[in-house]
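According to TrEMBL, the feature domain 'ABC transmembrane type-1' maps to B:77-284. Per TrEMBL, the feature transmembrane segment maps to B:21-45, B:83-102, B:114-134, B:164-186, B:207-236, B:263-284.
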Amino acid sequence: MRRIVRIASWLYALAVYGFIFLPVIVLVLFSLQATSFPIPPFTGPSLRWYDAVLSDPRLTSALVNSLLVASISSLAAVTLGFLSAWGFARFVLPGSGLLRGLITLPLTVSYLIIGMGLLVLFNWAGVPKSLLAAGIGHVVINLPLCFAIIYSQMGDHQINIERAARDLGAPEWKVLLLITVPVMAPAIFAGFFLSMTFSWDEFVISFLLTRFDTTLPVEIWNLLRSGLNPKTNAVGSLVFAVSIVLVVFFELTLLRRKPA
Amino acid sequence: MSSAGNNPLPRAGHTLPRASSALPWALVTPALGWTLLFFVLPFIAMGFSSLTAHEGGGFTLSNYSQFFTNPSYWQAMVNSLEVTAIVTVVSVLLAYPFAWILAEQVPERWQRLALMLAVLPFWTSYVVRSYSWLLVLAQNGVVNRALTGSGLISEPVHLANTRFATITGFVHFFVMLLTLTIFANLKQLSPSYRKAAADLGAGPVRTFLHVVLPLTLPGIMVGAFLTFVLCIGDYITPQILGGNNELLMPQLVMMQIGRRGDFPLASALSIILMAVVTIAYLACARWLKIERA
């Protein structure tokens, strides 16, 4: 009986792993295709489509745009999130529960609706479509996340260290910069990292709020109009590689440091 | 500067400094202001917009009444609900045994790696993920080649641009998400529950049905709700994989903007979609609260 469960478990797990990895393997394999269609039979390996991606100015500038929007909007989101988390965790504010609820509210609304709302507002206020507009949208989706992560990590332990610093005469800004920020560094970094990956991958808000200069997911979307193309495989594989490097880096630096 | 530091506090965390200075407000105002300006205000703008006609003129409810009277709009909501329900059920049914195997059958020291591998494709860009499924399911793609090659079928099957393709793309993503949440749930379960059930004479099947499953149900509900919300609001997966054969709500919303620039109707449809999600939230709130405690 136990043996049957074990064999069935292995088979099932293998099948699910196969299902999970099938599209990724097909994507990466046919990015190395030598001919113009990313369908069997495999004719590679060849790096010509990676060449095509790296020499396409639209894709490379979209890549730079994506990195810029992701890093700047994440920096803004984590700064706003950290300051408000500190304010709510350290001081008694009237209506605190309600206000915290307001900050985390965007987490419950889909990106499409957040993007639609901003589109209607900006259209009405005469704000042109731009990377800045998309960046503003990315702060809206990432701020609640940063706030929730940092707020949940602010415990009694940190309050005591801060109090010690104040008792020794440190002004409030020194407590913030020399005590709170270093102590909260793991949570701040986690918020920043998650915001980076969400912004890097975000499509619908960027699609609605940018026009000519746009982010990588939107540019990839534009590529899709030309049908199946190994160039799309190549750029997709590159994006995947960047994400994997980020995730592994995150695993190694942040999660391993925790005392078990 | 602040009197906060001078307050004698008996125990940390139980008495916080009173907000006697401007400092706390200076800390929370930027985040609150941002949320009000770029989340609440857009929502109000969308609400107003939904009550105007595309052609101009005064207030009207026609955008909302259109939804209820135009069968094709109504159908998009029905499609969305059907697809979301199927995706949620299939994803839970696939992910639960998988998470269970990872948590129970895989040796402890390999679990971290096994889980990391299981969610690795989670990190591909989601536009790319849908495109990859298109490659797999295409008329002369890998699946069709394998099926015709092995002689199971003689003609390639029409898989891409169907509801089946949309569901496959969604299930792929949500199996990974649910495996994560259910795995975490199973690991939190204290082994003493299972030992107690075994001591009282329950076999593995009974222990699972009467102890493990009920205790992990709240976690499943949270994951299922998350699946519902993310699935019903997604535009990319149905647009790339389903094509335009049958529309889901997000596609209908985007169509109003893209083809006709009809912001009022798009606003009204967005608000209706959000109302449906809110109703689902209220229906699940009982189970969702358990996690917050």
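Glycine is treated like the rest: Cβ placed from N, Cα and C.
For the transmembrane segment (B:164-186), same-chain residues at least 6 beyond its ends with a Cβ under 8 Å from one of its own Cβ atoms are 83, 86-88, 90-92, 94-96, 98-100, 102-104, 115, 118-119, 121-122, 126, 129-130, 133-134, 137, 212, 216, 218-220, 222-224, 226-227, 230-231, 234, 237-238, 240-242, 248. The transmembrane segment (B:207-236) is in contact with the transmembrane segment (B:83-102), judged by 3+ CB-CB distances under 8 Å for residue pairs 6 or more apart in sequence. Within its own chain, the transmembrane segment (B:114-134) has Cβ neighbours under 8 Å at 98, 102, 106, 141, 160, 165, 168-169, 172-173, 176-177, 179-180, 183, 236-237, 240-241, counting only residues six or more beyond its boundaries. Here the transmembrane segment (B:263-284) has Cβ contacts under 8 Å with residues 46-47, 49-54, 63-64, 66-67, 73, 77, 80-81, 221, 224-225, 228-229, 232-233, 249-250, 252-254, 256-257 of the same chain, all six or more residues outside its ends.
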